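Per Swiss-Prot, the features are:
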BINDING   Asn37, Leu39, Gly64, Glu86, Asp112, Asn131  S-adenosyl-L-methionine binding site
Amino acid sequence: MSDPIDVAAETPGDGLPPLREVIATHGLDARRSLGQNFLFDLNLTGRIARAGGEIDQGTVIEIGPGPGGLTRALLGAGARRVIAIERDSRCRGVLAEIAAVWPGRLETIEGDALDIDVAALGEAPRRVIANLPYNVATPLLIGWLRHASAFERFVLMFQKEVVDRLAARPGTKDYGRLSVITQWLCEVRPLFDVNPRAFTPPPKVVSTVVRIDPRPQPLAPARMETLERVTAAAFGQRRKMLRASLKALGDAEGLCAAAGLDPTARAETIPVEGFAALARAVDAAGSV
Ligand SMILES: C[S@@+](CC[C@H](N)C(=O)[O-])C[C@H]1O[C@@H](n2cnc3c(N)ncnc32)[C@H](O)[C@@H]1O
């Protein structure tokens, strides 16, 4: 026997039909190629919206509204202005219906979020709140981090495995390039896990909602481009000592000495500040 559907838990009180009905009416069968795993649970969409903080100010940017479950939660929770970027043109009608219920508060951009300068959308403070399409989630985040100071907060759903890497501490197996670059620019707080059964269709893996708050200043001075090169070299050969893995960058022992790092250490034990020092050493050596 299938689970009884809790209609109350699927009707947000905005006068619009429940999400399952919306999907049937608009023929929005989920497409794997677009990373479509829809959320119907209002408790979950409400929790994600509230984690955004003061969304009654500035702009909320949602990537991939799909049939609009999270969009409706954001508007219902008082978002002043939501700009939603959706690639799937089948969602145009349903998003227009939501916009009509909240006049002047929802704008939809039809397109690929990877091609859009999200850091320039709407008025600050900008908060990106999204149940991300997993096939492009990490490249999207890395792109936004290049303009981290344009954003107040990110509340994002990723595969749990990605959040584990974003939040990993030195000395753990998940610690790597993504941990260093993200934590250099932002404070990362995993919020809660979401069971695959909460989605339609269920993905193969557990998901996690994470809050990522850009720091007023990066954790230590460095150029992001150089930090990316340094972490690529160091973690590209994570089992090797720095004196071997950093050879591609020049005099590896000299760079470690300038950065105050032990050349026999391995990348996974070096804290974020250590990589920033290494990036400064690379830039200083290059400018001599
Ligand atoms: C995981 S679903 C989330 C749907 C809805 N927000 C929810 O929570 O139920 C991801 C959404 O992102 C959209 N999408 C996929 N790739 C995209 C891209 N490159 N740019 C914008 N939207 C995209 C999909 O069409 C889908 O609606």
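A Cβ is built for glycine as well, from the same backbone N, Cα and C atoms used for every other residue.
There are 11 other Cβ atoms within 10 Å of the Cβ belonging to Asp112 (S-adenosyl-L-methionine binding site). Glu86 (S-adenosyl-L-methionine binding site) counts 25 other C-beta atoms within 10 Å of its own C-beta, drawing on all protein chains shown. Note on the binding-site residues Asn37, Asn131: the fewest other CB atoms within 10 A surround the CB of Asn37. The least crowded of the binding-site residues Leu39, Gly64, judged by other CB atoms within 10 A of its own CB, is Leu39.
Asp112 (S-adenosyl-L-methionine binding site) falls outside any helix or strand according to DSSP and counts as coil.
For the S-adenosyl-L-methionine site, whose binding residues are given in the record as Asn37, Leu39, Gly64, Glu86, Asp112, Asn131, the maximum C-alpha distance rounds to 21 Å.
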